[in-house]
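Okay, so here's the structure we're looking at.
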Amino acid sequence: MTNEIVKLSAAEMAAKVKSGEVSSRELVDAHLEVIEAAEPSIKAFLKVSGDVAREQADAFDAKSADEKAQLPELAGVPIAIKDMIVTKGIETTAASKILEGWVPPYDATVIEKLKAAGMPILGKTNLDEFAQGSSTEHSAYQTTHNPWDTERVPGGSGGGSASAVAAFEAPLALGTDTGGSIRQPGALTGTVGVKPTYGGVSRFGAIAMASSLDQIGPVTRTVLDSALLQEVIGGHDRRDSTSIPEGPRPMVAAAREGAKRDLKGMKVGLVKELGGEGFQPGVQARFDEAVKKLEEMGAEVVEVSCPHFEYSLGAYYIIMPSEVSSNLARYDGMRYGLRVMPPAGVPQTAANMMAYTREAGFGDEVKRRIILGTYALSAGYYDAWYGSAQKVRTLIIQDFKNAFEKADVLVSPTSPSTAFKFGEKMDDPLAMYMNDIATIPANLAGVPAMSIPAGLSDDGLPVGFQFIAPQQRDEVMYKPAAALEAALEEDWGGPIWQSMNTPWLNAAE
Amino acid sequence: MAEKLMKYADATKKYDVVFGLETHVELCTKTKLFCPAEVHFGGEPNTQLTPVSLGLPGSLPVVNKTAVDYAIKLGLALHCEIAEWSQFARKNYFYPDMPRDYQISQYDKPTNGNGYLDVELEDGTVFRVPIERAHIEDDAGKNTHVGGADGRIEGADHSLVDYNRAGVPLIEIVTKPIEGAGDRAPEIAGAYMRAIRDIVRALGISHARMEQGNMRADVNVSLRPSADAPYGTRSETKNVNSFRGIEKTIQYEIRRQAARLDEGKEILQETRHWDEATQTTAGGRVKSDADDYRYFPDPDLVMLHITKEHIAEIEAQMPEMPRERRNRLKAEWGLSDLQMRDILNADALDLIEDTVKAGASAAGARKWWLGELSREANNKGVSLEELPVTPADVAEVEKLIADGKLNDKLAKQTVAGVLAGEGTPDEVVAKHGYKIVEDTGAIEAAVDAAFEANPDVVEKLKSGNMKPMGVIIGAVMKATRGQADAKAVTKIVMSKIK
């Protein structure tokens, strides 16, 4: 029973809840069972909030039919939350030692919305410390394993959310995407990951990494589930000044329309700069095949050039660390989280306490970025570094504008490679940074993008296919994404995860 | 080590003074600049907080619209250009009272730029102070150092931090370097600060109470050999929080710097602080290139867009500015410069205006507030406003006089009753039965008695020497317990000596 329930899509679970076939409590219990069985090998969760989830599920189940009818379609379906998003009463650490034991006194706006929607919270998922990394290996607590091959990384920074959803520990999860932290783990775990338009989902309560790039988004197993979830969490929030003063776009309708697999009249732009050299042949092959599928469904494929994308990684690694250096200043041991007093013999001053706390509390990658950013913002360097990077950003926005004059939606492989082995890129930060080469431009420009599974590479590991849509037009990417998903699943004879070994599910049975 | 000082007159003769003021004005918005935490003076430590003002992970600032409107008002009052687009930046530095370890402040795109303020000096001279900018920023919390001798961090064994003030909106008004002030620099600085106080109070945007830290100034002073020489190195005296302190700081810095320059010593670019006890400034931190706040636009806050229409809306609601108001009232009340200055020095302008509005004559109102009531306030060591008497009370007393129901003496007794908490003037009058004696028989009897007691005076009066009339009136007043009308007494005396 458990196996069958947890393998359903969130939309299917919601339908069964609605018909009364299963209760929210049964969904929660089933997933908690899988979590217990899977966690020893997957380690996706930093914290499982079983009691909270059961309580929320019971509260939902106790509602009257009328009350339930007022709630969003996903009501009653449980969800996992990346530990970068604050949850009232549930320890939130950003996978950093510096926040160990911190229990937030407030909920992020997205958490308030999930609670209002009657969606129980299963727990907090692992990530690279403060979302800084592309493999989740930079977590201060544990290494999350890729369910497709537990010797490999799940991508990052949102490896915990992606693995939890891929391993059926949760039907849905939330992630945060600053340079690809939702989409790249999606690609590496064969799941769907969406970075909405910047400002489309409130950042209030999302622990800041790089404020001008961060965006909360859905992690799911189907395109429709992402659309349903994005409509729940999206919309204006007056507590986030960068939030767009409009409601969510009609994404669910677009996804349902896409499932009809008719893309006539749609122009798909192949981004010349995102592919080919540097991309694993198996990744490129699955991508090319998927593009053909789009063509077969009536889409017109055109090549577009975004000449400034080659500077995007450089600009990103100036802007992001600059904001990181400022955003992470508050972790100083004064008000919350870790405090390390200077050792005997060192003056017991506030400044020394801050220094010892930050030295002990932050990992190497976080320190690396704080140092980079501090340098980039320094007087005398600001114009050359931060100033130039902002100019590049403007050019990239212009590249997108030009491209969207020629095409309705842009496509590329999500990540240059499939999941790599633990430790493979830990000693080479630049190689690690290259993982995000195709995902970063969307963050720099604020446009929405998503990754869906495009099949398995020659190594038997999932490949991600990225759609990018114009700003505030998130629904535009949902239609072809749903169409491609349907077409590919027909070829595969079912969802991609059918090819995945899931020994923990048998254990849960 | 006491610093060498040059005589002030010599210093200002020998050197050209350039000074500047950076004035922090705390706005009296109901809530903080970036979150809905309410602001009250004197609350229990760490009670006026939200996740935002405590800088909790995930919290985001949102600009308080009222604070921006207040800034626009001040910008208009200071004749500034109001920027259509202004921006908040982050000023990064680690300090325990900064919840985020960065201050949010406007940097290269302030809301108000390039204005001026005309300030009037004691002798009526008007001096134009050029304004560089008036930008919005948030305040830090407050550190209390415990265990040291004088409350300073040196020698303390621990410190407490109160974040109630963290996030309270401030406007920092920065003057351009003020030239041409010469030996009147301290006076101009004091007049400027008072003018700012009057303006922000008139606008209703700040309580501007210096003793509560609502207003404080950083004072920059430099000297140069002559007005055409380049600026000298300046000292910056931080957080001076009284008008006198600001004046004294400038005076002291002029004397100190002049003495150093005379000895061929260099002026350090440093931050100093004003010590009220010793009436000196003391050296603090030497500024160096290492001070780098790594300013960059705050990505959490979109740019502020202020439309011309919005500015026009605010402009239409601007109250009369203090200087214009003073000039108008001076003319309306027919006062001399000196009379007006007495009113201002007594801080009685609002009280007198309100008394006039309540029906009293300007002369009557002025007489009470600058006379009897000023003396009373002085004796008690309180301000006029703190006296338990209102402009309406004073106007009521004046009306009783005008109606012939009280004479001066009874009026004073009535006001004394009001001050003693006996109620309104009418109540005091009723309680004591104060009234002018109109019974001419009783007055005549008293006059006769006075005549009998002072035959020499009667002789003088009869011979046409009216000087000692007061003796008789005084005696009559005494006999009637002050309730006789002096005019009526005079009339009866005159009829009797004919």
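Even glycines carry a Cβ here, placed using N, Cα and C.
Over in TrEMBL, the protein carries these features:
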- A:26-475: domain 'Amidase' (DOMAIN)
- A:K82: active site, charge relay system (ACT_SITE)
- A:S157: active site, charge relay system (ACT_SITE)
- A:S181: active site, acyl-ester intermediate (ACT_SITE)
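Spatially close to the residue listed as 'active site, acyl-ester intermediate' yet at least six residues away along the chain are A:L127, A:D128, A:A131, A:S134, A:G156, A:S157, A:G158, A:G175, judged by Cβ distances under 8 angstroms.
In this view, A:K82 (active site, charge relay system) is surrounded by 34 other Cβ atoms within 10 Å of its Cβ, with every protein chain counted.
Cβ-based neighbour count (10 Å, all protein chains) for A:S157 (active site, charge relay system) stands at 36.
Under the DSSP three-state reduction, A:S157 (active site, charge relay system) is assigned to coil, being neither helix nor strand.
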